[in-house]
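K.L.:
Under the heading motif 'Effector region', Swiss-Prot lists 39-47. According to Swiss-Prot, the feature ubiquitin cross-link maps to K131, an assignment based on a large-scale study or a structure entry. The region 'Disordered' annotation in Swiss-Prot covers 178-322. For S198, S202, S207, S214, S235, S238, the entry in Swiss-Prot reads phosphoserine. Look at Swiss-Prot and you will find 261-284 tagged as compositional bias 'Low complexity'. The feature S-palmitoyl cysteine is assigned by Swiss-Prot to C318. Annotation source Swiss-Prot lists cysteine methyl ester at C319, citing experimental evidence. Annotated S-farnesyl cysteine per Swiss-Prot: C319, in sequence order.
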Amino acid sequence: MPLNKSNIREYKLVVVGGGGVGKSALTIQLTQSHFVDEYDPTIEDSYRKQVVIDDEVSILDILDTAGQEEYSAMREQYMRNGEGFLLVYSITSKSSLDELMTYYQQILRVKDTDYVPIVVVGNKSDLENEKQVSYQDGLNMAKQMNAPFLETSAKQAINVEEAFYTLARLVRDEGGKYNKTLTENDNSKQTSQDTKGSGANSVPRNSGGHRKMSNAANGKNVNSSTTVVNARNASIESKTGLAGNQATNGKTQTDRTNIDNSTGQAGQANAQSANTVNNRVNNNSKAGQVSNAKQARKQQAAPGGNTSEASKSGSGGCCIIS
């Protein structure tokens, strides 16, 4: 099958790093097969090279960027357009390694994603006597970025092709895998939205540590809810006890009132009974007095009665003269 532009995959690769770490030397060694010894600060250079990667003809479109801070305003534009990034530091400069994290975070922010094809490169491996950064330090930095790591020498052409080819493979392979991951995440988000609000049946979208945290948070909510419920129950019990005490006090007061009323009524009844007895005594006394008076009058009237009888006899026409 004849080659044409439509059959050739093109990779847009960007070389990023601090000033003087050998970005241009690596790019020129790859594209022109020679080493540039003198340092000429780059503003921005673009290189193209046709290569064969895994039996596939490809074109590497490489952007060599400026490492100086005064050109930092240009970074976002090439970060936005790049597909893969070669993050380069010099093994003779510890600060150049530390700078890589700043570039990495800026790339993620500009690309608005949590994955970008990246290869971390420790250049100038031929200057072993001036080494400030160990292989392990470089590897640890690459692990933080979830990226492959290589030490290279642009001067001796060590691992130069391998660094660029590895980056192209990441763009080719991880790009498709990453798109698949995005699709799966979108489906997972939709499933999460569908199950949202289903209470205990809801399952967190993420697993592992996120699930554990969700459970811990749920446990915290449960304890909090239990505390609130207990507080409410305590409040209800307190109010119920208060009402009970008030009812008891009310009943006691009512009983006392009833007792007082009963006592008063009994007193009144006793008083009335006493009055009745007194009245009866008085009546009896009066009756006795009347009876005695009548008896006395009868006794007094007895002699007078005989005289009267005699008078009645004399008045019948018979008169006795003494």
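The backbone N, Cα and C atoms fix where each Cβ goes, glycine too.
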K.L.:
Looking only at the motif 'Effector region' (39-47), what is the model's average confidence as pLDDT?
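P.N.:
Result for the motif 'Effector region' (39-47): average pLDDT 74.
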K.L.:
Where does the residue listed as 'ubiquitin cross-link' sit by DSSP, helix, strand or coil?
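P.N.:
Assignment for the residue listed as 'ubiquitin cross-link' reads coil.
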K.L.:
For a quick check of packing: other C-beta atoms within 10 Å of the C-beta of the residue listed as 'ubiquitin cross-link', how many?
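P.N.:
Other Cβ atoms within 10 Å of the residue listed as 'ubiquitin cross-link': 16.
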